[in-house]
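K.L.:
Take this structure, written in structure tokens, and hold onto it; I'll ask about it next.
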Amino acid sequence: MKKYILSLDQGTTSSRAILFNKKGEIVHSAQKEFTQHFPKPGWVEHNAQEIWGSILAVIATCLSEADVKPEQIAGIGITNQRETAVVWDKTTGKPIYNAIVWQSRQTAEICDELKEKGYSEMVREKTGLLIDAYFSGTKVKWILDNVEGAREKAENGDLLFGTIDTWLVWKLSGGKAHVTDYSNASRTLMFNIHDLQWDDELLDMLTVPKSMLPEVRPSSEVYGETIDYHFFGQNVPIAGVAGDQQAALFGQACFGEGMAKNTYGTGCFMLMNTGEKAVASEHGLLTTIAWGIDGKVNYALEGSIFVAGSAIQWLRDGMRMFKDASESEVYASRVESTDGVYVVPAFVGLGTPYWDSEVRGAMFGVTRGTTKEHFIRATLESLAYQTKDVLCAMEADSGIELKTLRVDGGAVKNNFLMKFQSDILDVPVERPVINETTALGAAYLAGLAVGYWKNQDEIKEQWHMDKRFEPTMEAEISEELYAGWKKAIEATKAFK
């Protein structure tokens, strides 16, 4: 009896395997962290083999602890840290360099050159993205330009490229399936989101051979099966793939046009479903593909904040202000306000709507009376201000006024932050019972492909609210606070 869907959630700092049942409930999960490599300031890399090892480990742990046999699994859904690029040898299956992570700024110079050559408008029109080190295309170019012999091998058709989803499907299927889905392809800087094809003009710009690229498929279909020895003697269908933020939008059942979610993970990502039309942004947002399912493609507007949960980690590990991230709420609640203190956590630059990779973090309004509590509160508040920056851009571009914001990710457990978020946005914030919406979205996509769930209506019924945070702050106060944040941003940008 096929009782479960297995979701593999390959994130920036850890890999997880989560088993879901028919009601969309978590049966069991396992997690394993892996090494972050920082070869130079601003560079972030992962070992793709270590990521693969961590995936095998969490599958084994999750199934054995839950006492679930592989033959009870109806299908596998995969969701992944997006943009992170892997290039590997087709024959040996070994990566030729570390995976270059989405956060890494090592291709900033390549991006500057492309902008100087006047490619920005063409890239914007075709991909919905900006020329930025964040996206995969320049990472692939960097690997081909900097690893000895790589370009020659690529031109001979001996190398393969993939985002993490592609790497995992390739490994799980024993090298049979070299595929990605629309949502991940739309983040590469090489994919035309309107005609849904790899784009020759973009590939020429980046000097990336087409033979390296995976086949682009819908987000919900059977791409292949696991090979026996990776899945303990069973061929299980690999049936759903979506980038982490798009998977969360799906897991939050944001199927209607104008519905939006914000995920508070390492970074913060807000996506609004714009239906079957790609809305071009005038305000520094990205136009991206949400998912492809049932022969249709849905688009989304996205705002990306580079530093969110990682700011809380920095308070814990870098500043040693507390031992556990959950303590940040306790400290922040001990003071009535930040007493005029603002923290701008631009550790790796600023994302939407500013897109400035040269800016670094800053703190303003500090006095002799500033305490640890003020500092922690100001850091938490910065997540809410950055989210408001994104929402203002979204409402301006889409012409849709947000009614409620659905939230997920590690930081949403923080009630102080969620209440402040609602106050600053002046809209209700809804936290679901199942916070693992990214993994759930991948599970839903896989389950729909194998007939485990009937349709999106059945899934919509499974979304349940844990808590709704209503705005109660006076408009005058929230506007004043936000004006202070805008001043802090301008001052941060001036200091370069």
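Using N, Cα and C of the backbone, Cβ positions are placed for all residues, glycine too.
So Swiss-Prot says this about it:
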- THR12, ARG82, GLU83, TYR134, ASP244: sn-glycerol 3-phosphate binding site (BINDING)
- THR12, ARG16, THR266, GLY309, GLY410, ASN414: ADP binding site (BINDING)
- THR12, THR13, SER14, THR266, GLY309, GLN313, GLY410: ATP binding site (BINDING)
- ARG82, GLU83, TYR134, ASP244, GLN245: glycerol binding site (BINDING)
- HIS230: phosphohistidine (MOD_RES)
K.L.:
Can you grab the distance from GLN313 (ATP binding site) over to ASP244 (sn-glycerol 3-phosphate binding site)? Cα atoms, rounded to a whole Å.
P.N.:
20
K.L.:
When you rank ARG16, THR266, GLY410, ASN414 by Cα distance to GLU83 (sn-glycerol 3-phosphate binding site), which of the binding-site residues ends up on top as the closest?
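P.N.:
Its closest listed neighbour, by Cα, is THR266.
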K.L.:
Have a look around ASP244 (sn-glycerol 3-phosphate binding site) and count the other CB atoms within 10 A of its CB, chains all included.
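P.N.:
29, counting other Cβ atoms within 10 Å of ASP244 (sn-glycerol 3-phosphate binding site).
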K.L.:
If the glycerol site is taken as the center of the Cβ atoms of ARG82, GLU83, TYR134, ASP244, GLN245, which further residues of that chain fall within 8 Å of it by their Cβ?
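P.N.:
Going along the sequence, the neighbours come out as GLN81, THR84, TRP102, ARG187, GLY243, PHE269, SER304.
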K.L.:
Would you list the other residues of this chain near ATP - those whose C-beta lies within 8 angstroms of the C-beta centroid of THR12, THR13, SER14, THR266, GLY309, GLN313, GLY410 - in sequence order?
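P.N.:
Going along the sequence, the neighbours come out as GLY11, GLY265, SER310.
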K.L.:
Could you list the residues of the same chain, at least six apart in sequence, whose Cβ is under 8 A from the Cβ of THR266 (ADP binding site)?
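P.N.:
Counting only residues 6 or more apart in sequence, the Cβ neighbours of THR266 (ADP binding site) under 8 Å are GLY11, THR12, THR13, GLN103, ALA308, GLY309, SER310.
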K.L.:
Quick one: pull the CA-CA distance for ASN414 (ADP binding site) versus GLN245 (glycerol binding site), whole Å only.
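P.N.:
Spelling it out, the Cα of ASN414 (ADP binding site) and the Cα of GLN245 (glycerol binding site) are 20 Å apart.
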K.L.:
Do me a favour and check the Cα-Cα span between GLY410 (ADP binding site) and ASP244 (sn-glycerol 3-phosphate binding site); whole Å is fine.
P.N.:
14
K.L.:
Rounded to an integer, what is the Cα-Cα distance in Å between ARG82 (sn-glycerol 3-phosphate binding site) and GLN245 (glycerol binding site)?
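P.N.:
Answer for this pair: 8 Å between alpha carbons.
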K.L.:
Among ARG82, GLU83, TYR134, ASP244, GLN245, listed as contacts of glycerol, what is the widest Cα spread in Å, to the nearest whole number?
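P.N.:
About 15 Å separates the two most distant Cα atoms.
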K.L.:
Restricting to the same chain and to sequence separations of six or more, state which residues have a Cβ under 8 Å from that of TYR134 (sn-glycerol 3-phosphate binding site).
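P.N.:
Looking at Cβ-Cβ distances below 8 Å from TYR134 (sn-glycerol 3-phosphate binding site), excluding near sequence neighbours, one finds GLU83, TRP102, GLN103, SER304, GLY351.
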K.L.:
I want to verify one value. Collapsing DSSP to three states, which class is GLU83 (sn-glycerol 3-phosphate binding site)?
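P.N.:
GLU83 (sn-glycerol 3-phosphate binding site) sits in coil per DSSP, no helix or strand.
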K.L.:
Including all protein chains shown, what's the count of other C-beta atoms within 10 A of the C-beta of THR13 (ATP binding site)?
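P.N.:
I get 16 for this one.
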